[in-house]
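> Please find one structure pasted underneath; my questions will follow.
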Amino acid sequence: MARIKNLPIRREPSWSAAEDEKTNGAGVAVSETEKKMEKKPEVKKKKEAGLITLIIDVAGIYASFLTWAYLQEKVTTTVYHNNNNNNNMSSSAVPSTEKFKFSVFLLTIQSLFAGLGGLLFTYLSTPKGSRIPPIIPNKSILLPLLLVAFTNALAAPFGYAALGHIDYITYILAKSCKLLPVMFLHITLFRKKYPLYKYLVVAAVTCGVAIFTLHSGSKKKAYSSHSGQTAWGMLLLGINLLFDGLTNSTQDFIFATYQPYSGPQMMAANNLMSFMLTGSYLLVSPWLVNTAVGEWFGMGPAAMGGHAGGELKAALEFLNRHPEVWRDVIGFAAFGMVGQVFIFHTLSTFSSVLLVTVTVTRKMFTMILSVVAFGHRLSQMQWLGVGLVFGAIGVEAQIQRREKLAKEAAKKAAAEGKAQ
């Protein structure tokens, strides 16, 4: 009888039996790798922030920056009266009335508050168990950060100097036009081209600012020097906007080049660097005020209210004569710091489109608050100028919103196509 050879028994690997039990509705086995691939988009999907978070962020931006703007106008435009009998300085050295003109001192206090707030924000925004990122992660980022701090430190004194020649509403209106210097720098330095609507927005904004400035209802118009003062103020403000544009362009470059560099890190690094720059200036100002360089930059004794000891000493003596100003200065710095935190949180939680909308409407409310709180009066032509500026900025924000949503929809469709 012939011997029948038994076929070897085929043993299934241990993972095969486990996979046979995991089938889809059609009875087809699904591997663990395939199941992970199917669940991957759900794991990576970012949970959207709720309505309460949105309300808190928007309310925080409005409340902090409206208060910040109110204190800024109050500190820089209020006329303070002196009682020379109670002053330690001779009555001839102290004017009967004076204004707070110490812009670098004000910027130094604000930079210190915002820098410390940025450090705390960086710490609190770091996930538990993760290493706290350094605000200067490498040497290559140091130069761009220094450039931002330098331009930011230079921009503020020009802006505050402009307030000595133009009213606060003109200042706020022109500061709403940051698109102009940003476009100018990108076109001249980076040879970037923009769509037609951007140029139309710039034209409308420029016309709006020009109409508002030329139809000023101020009583200063009666003086022949008013037009020259306004022109000088607008020139100073133009330099301020140019530095603002360079600051914003460099910040965009940093975020694009040094990812994943975050907003809290930027807030801390820039403000602490600005504090060191402006603080250094305050320390050396006593040796500069009586030099030709000091006179040329407007740092001489005449600019410091007849004080030859530099801006730091002059500011402290002013605050000693008017101690109630300390409350406004500290409040100005504190609300500015809180506002920056809300801005960076909104940018990281929601989108830049929402932030642009909130910023534009916030500046409109700032102008309204200035009119109500400080008794400014606007002519019909000035309201036309305001409408042109904010109308153009609003149209630009709406177009940007549509472009942003279209890009996000395209990315989502592409991701869904790859998943299938």
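Just so it is clear, glycine is given a Cβ too, placed from its N, Cα and C backbone atoms.
Grabbed the feature section from TrEMBL, which reads as follows:
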{"type": "COMPBIAS", "residues": "9-23", "note": "compositional bias 'Basic and acidic residues'"}
{"type": "REGION", "residues": "1-34", "note": "region 'Disordered'"}
{"type": "TRANSMEM", "residues": "49-71", "note": "transmembrane segment"}
{"type": "TRANSMEM", "residues": "102-121", "note": "transmembrane segment"}
{"type": "TRANSMEM", "residues": "141-162", "note": "transmembrane segment"}
{"type": "TRANSMEM", "residues": "168-189", "note": "transmembrane segment"}
{"type": "TRANSMEM", "residues": "196-217", "note": "transmembrane segment"}
{"type": "TRANSMEM", "residues": "229-247", "note": "transmembrane segment"}
{"type": "TRANSMEM", "residues": "268-289", "note": "transmembrane segment"}
{"type": "TRANSMEM", "residues": "329-347", "note": "transmembrane segment"}
> In the same chain, which residue numbers or ranges, 6 or more beyond the ends of the transmembrane segment (196-217), come under 8 angstroms Cβ to Cβ?
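Sequence-remote neighbours of the transmembrane segment (196-217) are 166-167, 169-170, 173-174, 176-177, 179-180, 183, 230, 234, 377-379, 381-382, 384-389, 391-393, 395-396, 399.
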> Considering only the recorded stretches 49-71, 102-121, 229-247, 329-347, state which has the highest number of Cβ pairs under 8 Å to the transmembrane segment (141-162).
229-247
> So, taking each listed stretch (49-71, 168-189, 229-247, 329-347) in turn and counting its Cβ pairs to the transmembrane segment (102-121) that are under 8 angstroms, which one gives the highest count?
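The stretch with the most close Cβ contacts to the transmembrane segment (102-121) is 329-347.
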> State, in range form, which of 168-189, 229-247, 329-347 has the highest count of Cβ pairs under 8 Å to the transmembrane segment (49-71).
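Between the candidates 168-189, 229-247, 329-347, the best contact partner of the transmembrane segment (49-71) is 329-347.
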> May I ask for the residues of the chain that lie six or more residues beyond the transmembrane segment (168-189) and have a Cβ under 8 Å from a Cβ within it?
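Cβ under 8 Å, 6 or more out: 69, 73, 76-77, 159, 162, 198, 201-202, 205-206, 208-209, 212-213, 216, 233-234, 237, 240-242, 244-246, 248-249, 360, 363, 366-367, 370-371, 374, 376, 378, 385-386, 389-390, 393, 396.
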> In the same chain, who gets a Cβ under 8 Å from the transmembrane segment (229-247) while lying at least 6 residues past its ends?
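Contacts with the transmembrane segment (229-247): 147-148, 151-152, 154-156, 158-159, 161-166, 170-171, 174-175, 177-178, 180-182, 184-185, 213, 216, 220.
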